[in-house]
């Protein structure tokens, strides 16, 4: 099996990096993205590592850049993204970057502070302008109110606002007032509070400000209203001011005479004009600063986060006692060792160091990470497999087979020619525009997820077209491409049909045994005549049910066969002789035999003998019961009873074959090894004497948690494990075969939903023969298209997708795929280059 079908061969290597070259070497390795660093300081606190100060400086620069980015986005300035991949700055360049970011941050903060103060002043002047504009009307109304209060007829009603001695003298009444501005939504509550606290002894007038005013702190526009409150006495004045303060109303001085108000308004307008000019200049300066930053901020982000990633990686390394060398351990693919060596040489040259960096391969029994190379086409399918579990190192990778089997099984459930075309067109659109979509960096998580599976959707659509043609199903209707192979005419000429037969029967059955009625199989797929047959569902159910069983058993047998390649590669002959062979015999003797029976029945019985065809279900049940009644179900072939009894006995013998032999042989081997004293020690291979290379290797003691240390053999545990595996496999063969019937069930459900949608929606519009019907068809078709996309494409498509996922994860992969590995996570700048800064 080639590398396509297995994970890459990995090796553990030791890097010796000179202190002055370590930064540049790690930078080159990050650009290459082919090595995974191991933490050699697991017991050291992150705040006590050597490069923690550099990491903090990078985080501080990152914070400043995020502040600048926030200001840029707030100003709606587009951030330029040229796709440039800047080189990592040298450590000495960090000071210049820090100074630059500090300058930009301080400048923006100063501008924001000044702008906020100016806007607050501008808001106050604007509110004062509206107060002066509205007060004349308020004062006129107050004067009228005052005259009414002085009227003897109204004297008793207004007594609460008049002092007793003034009432006696009839002296003129002087009212105090306050004017201000308040948020419009607070006016009703404000008015009720004034009325209750002041007991109705105040006169409130308010008017809305037509244009919303900008809040200097938040930048939001707020609707406000001008108010003026008339009262008498200092006690009411204090109450009114406290209420205004509680409602966060802004109070402003307002002259009493019209002349003074006019002069003040003139001065306010002049100050507003001057302030507006200063505000415009401040905003222009802020825009220039932000636009200049927007051109470079993406590059700055990449530089800073590359530096941070490098220093974080350097913190994983050990430092020798001389402080002149950093020691790192990395997992890397064997095929990429040359490119890694070249990257180290390049990094050493960039740093100006004269001492080369050294890469030394190490021998270890630790389990390496699993690394499957993918491209943009296979990446989605590999993600489907990895979602179940990361493959064990070097075991068979299901992804290459999933590329075909997953969309095919999806299409078996989804098969519809029309729906397949719609799905394919959507996928083709995403594939053709993938460069533009990738450059736009969509933040919509749902669309990003769909886009990442564009090639999966493309194949699902293409296979749906294929299965739709086989089912001859296009939006629940059949396509009569080649003409039906069935003919009615021979039923009149050679059969016993007459005109009276047609008139007297609502349903008639064509007899394929009569020559000429059935002209042979349809060239491709199902004959379109079945679309109008009353027994269409009976025929399709039988066909799809048997097809589901056949596909399921073939799929599972293929999975069991793949386990053979794992056993051969890992040199486990016991698993072949006492695992693979009995498993394949068990499944083939029972369910493989069922597939043979299905094909045999299809070929052995024709139109003349189909009435005598026995039931496969009854035969299969009788096979397990060893029951063969002479009356009822006839035998399919001669010698059937003996063959079926033989197959059952063989299948039953496979159970102890799988259950007992392997644990007993392992126990015998263990006792023999124990007797000879040839057990392995530790996790590192030990020979007669360490070579020079081995002596260097044994110095490191940071063993991974994934190491496969030799353990004491426990016969009981082995026996229990083998019993669980045997029971799971034997019962799984039955349950998994039944599970594949979901192919039939979902295909039936999809076809029926499609037919219901056609009958209940589009059929109505097509049967109205008038101008109104033509106009109505436009809206009916819109509803039909919407329901087709929402229900049949999205909901049914998602359902079929999940069921296909289940069939691969459980029914297929559990035959050969353990999925207990851990993923290869190389140190790479790729996610930084793509703008995924938060990862």
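In case you wondered, yes, glycine gets a Cβ from its N, Cα and C as well.
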Original post:
Any idea if residue 531 and residue 770 are on the same membrane side according to Swiss-Prot?
Top reply: yes
Original post:
Looking at 503-522, 523-542, 543-562, which one does Swiss-Prot call transmembrane segment?
Top reply: 543-562
Original post:
Average pLDDT across the topological domain 'Vacuolar' (479-542)?
Top reply: 85
**OP:** For the transmembrane segment (647-666), could you work out the same-chain residues 6 or more beyond its ends whose Cβ comes under 8 Å from its Cβ atoms?
**Re:** 574-575, 577-579, 582-583, 585-586, 589-590, 593, 623-624, 626, 713, 715, 718-719, 722-723, 725-726, 729-730
**OP:** Report, as a single number, how many Cβ atoms besides its own are within 10 Å of the Cβ of residue 371 (phosphotyrosine).
**Re:** 23
Subject >> residue 371 (phosphotyrosine) and residue 257 (phosphothreonine), Cα-Cα, nearest whole angstrom >> reply: 86
Subject >> Other CB atoms, at most 10 A from the CB of residue 367 (phosphothreonine) >> reply: 19
**OP:** Quick one: give me the count of other CB atoms within 10 A of the CB of residue 257 (phosphothreonine).
**Re:** 9
**OP:** With Cβ distances under 8 Å as the criterion, find the stretch in 543-562, 581-601, 727-751, 773-811 that has the most pairs with the transmembrane segment (417-433).
**Re:** 773-811
Subject >> Leading contact stretch, 581-601, 727-751, 773-811 vs the transmembrane segment (543-562) - CB distance under 8 Å >> reply: 727-751
Subject >> Tertiary contacts of the topological domain 'Cytoplasmic' (563-580) (same chain, 6+ residues out, Cβ under 8 Å) >> reply: 1, 5-6, 394-396, 657-658, 661-662, 665-666, 815-816
Original post:
Going by DSSP, how much of the topological domain 'Vacuolar' (752-772) is helix, how much is strand and how much is coil, in residues?
Top reply: 17 helix, 0 strand, 4 coil
